[in-house]
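Annotation source Swiss-Prot lists Fe cation binding site at His54, His58, Cys128.
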Amino acid sequence: MPLLDSFKVDHTRMNAPAVRIAKTMQTPKGDNITVFDLRFCIPNKEILSSKGIHTLEHLFAGFMRDHLNNEQVEIIDISPMGCRTGFYMSLIGTPNEQQVAEAWLISMQDILNIKNQDEIPELNEYQCGTYTEHSLEEAQNIAQNILHRGVGINKNEDLLLDDNLLNS
């Protein structure tokens, strides 16, 4: 089985919160697609709560679209990582890490501005597979933590795993 790009970086050296360009590719028609690693937590040291990450999933994508989409950028998807340390964001376009970090911070402030759980979009049994597993309070705690710590930038060249580790 081929090794996925996300497993070629050393998770012990990742900073968080931080943005990383995980992958870039071009469609057959020439559109640029960029996948970002939006790392909320230091891998193997911190983890996002289940209810908090689920509520973030419902809120974060909409707010990021509000602040990042433009004539050159369109977000395709923002999905939580299985390890619960962040999200992957796939988009059409090539914004830089700083633009993404700024949109992320503004989105976290937007989450703090939500007054009650009724404002969470798609929070019902028809549109959500586990609609009872949400916590606005936990999502807001995560957002506050991001705003308090700030968002840095992780570079792939600083995180590449040594070939000996890849083959062990």
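Including glycine, each Cβ sits where the backbone N, Cα and C put it.
Note: the Fe cation site is recorded as His54, His58, Cys128; in the same chain, Thr55, Glu57, Ile120, Glu122, Leu123, Thr130, Tyr131, Glu133, His134 also have Cβ atoms within 8 Å of that site's Cβ centroid. When the binding-site residues His54, His58 are compared by the number of other C-beta atoms lying within 10 angstroms of their own C-beta, His58 comes out lowest.
Residue density at Cys128 (Fe cation binding site): 17 other Cβ atoms are found within 10 A of its Cβ, drawing on all protein chains shown.
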